[in-house]
C-alpha cells in the first residue's frame with residue numbers, strides 16, 4: 001500500500017526524542033486552556049452572549065486543528081513510527097485544512113461582532129441573536145468542509161512515484177502535492193482558489209470591518225471612551241495576528257523559500273498549527289475581565 005514517511009526534526013535521527021516532551025507540554029497546555037474556556041462559557045450564564053459563543057467556536061476550532069496532528073506527533077516522537085498510509089494522510093490533511101478554514105471563518109464572525117458592538121451598539125442585541133450565531137456557526141463549519149473535500153478528491157487521483165518523505169510530522173496539501181509526479185496544475189489551481197475563497201476573502205472582510213471600527217472610534221470625542229471602545233478589540237486583534245502571521249509566513253515559504261533549510265519549514269508549520277491554539281486561551285483569559293474573574297473564582301475555590 002502507498003505510504004508516506006513522516007519527518008520528525010530535519011537533520012536529526014528519529015531516536016532524538018528531546019522534542020517530544022516540549023511538544024507534549026504544548027498539546028497539554030492547549031487542551032487544558034481551550035477546555036477550561038469551553039467549560040467556563042458553558043457553566044457561567046453571564047457568558048451566554050454572542051461574543052462568548054463565538055469564542056467557544058474558536059476554542060473548538062483550535063482543539064480540532066491541534067488534535068488533528070496529535071496522533072502522528074505521538075507516533076513519530078514517542079513510538080518512532082514514521083510510516084503513514086496514503087488514505088490516513090489524506091484524512092489528516094482534510095481535518096487540518098478544514099479546521100484552519102473554520103478558524104478563519106470564526107475570526108471573521110468575531111470581527112463582525114466587534115463591528116456591531118462599536119458601530120451599532122443600540123442594535124447589538126437585536127442583530128446578533130442566539131439563532132443567528134447558531135446559523136453562522138453551521139455555515140462556517142459547512143464551508144470549511146466543502147472547500148477542502150475537492151482537494152482530497154483531486155489528490156487521491158494523483159500518482160506518486162518519487163520520494164514519499166514529507167517535510168513534517170503531519171500531512172499538508174502543499175507538502176503532499178510536491179511529491180506527485182503527474183500534472184499538478186489542476187490541484188494547484190484549486191488549492192489557490194480555495195485559499196482565496198477562504199483566507200483571502202476572510203482577511204479582506206476583517207480589514208473592512210476594522211476600517212469602519214477605527215472610523216467610528218476616531219469620531220468619539222471623549223478620550224477615555226475612545227480607549228475603552230478600542231480595548232474591546234485587543235483580544236480579537238491578538239488572535240488575528242497569532243493566526244494570520246504564521247499562516248502568511250508558511251504560504252510565502254512554500255512559494256518563495258524553497259532554498260531555506262527544512263528546519264525553517266518545520267518550525268513555521270508547527271507555529272501555524274500549535275501557537276494559535278495555545279495562545280488564544282491565554283490572550284482571552286488575560287484581556288477579558290469576565291473570564292479572568294471566573295478563573296480567579298475557580299482558583300480560589302480550589
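From the backbone N, Cα and C atoms, a Cβ is placed for every residue, glycine too.
Per TrEMBL, these features apply:
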- 20-41: transmembrane segment (TRANSMEM)
- 33-284: domain 'G-protein coupled receptors family 1 profile' (DOMAIN)
- 53-78: transmembrane segment (TRANSMEM)
- 84-102: transmembrane segment (TRANSMEM)
- 132-155: transmembrane segment (TRANSMEM)
- 203-221: transmembrane segment (TRANSMEM)
- 233-257: transmembrane segment (TRANSMEM)
- 263-284: transmembrane segment (TRANSMEM)
For the transmembrane segment (203-221), distant same-chain residues with Cβ under 8 A (at least six beyond the ends): 107-108, 111-112, 114-115, 118-119, 229-230, 233, 240, 244
Mean pLDDT over the domain 'G-protein coupled receptors family 1 profile' (33-284): what is the value? 88
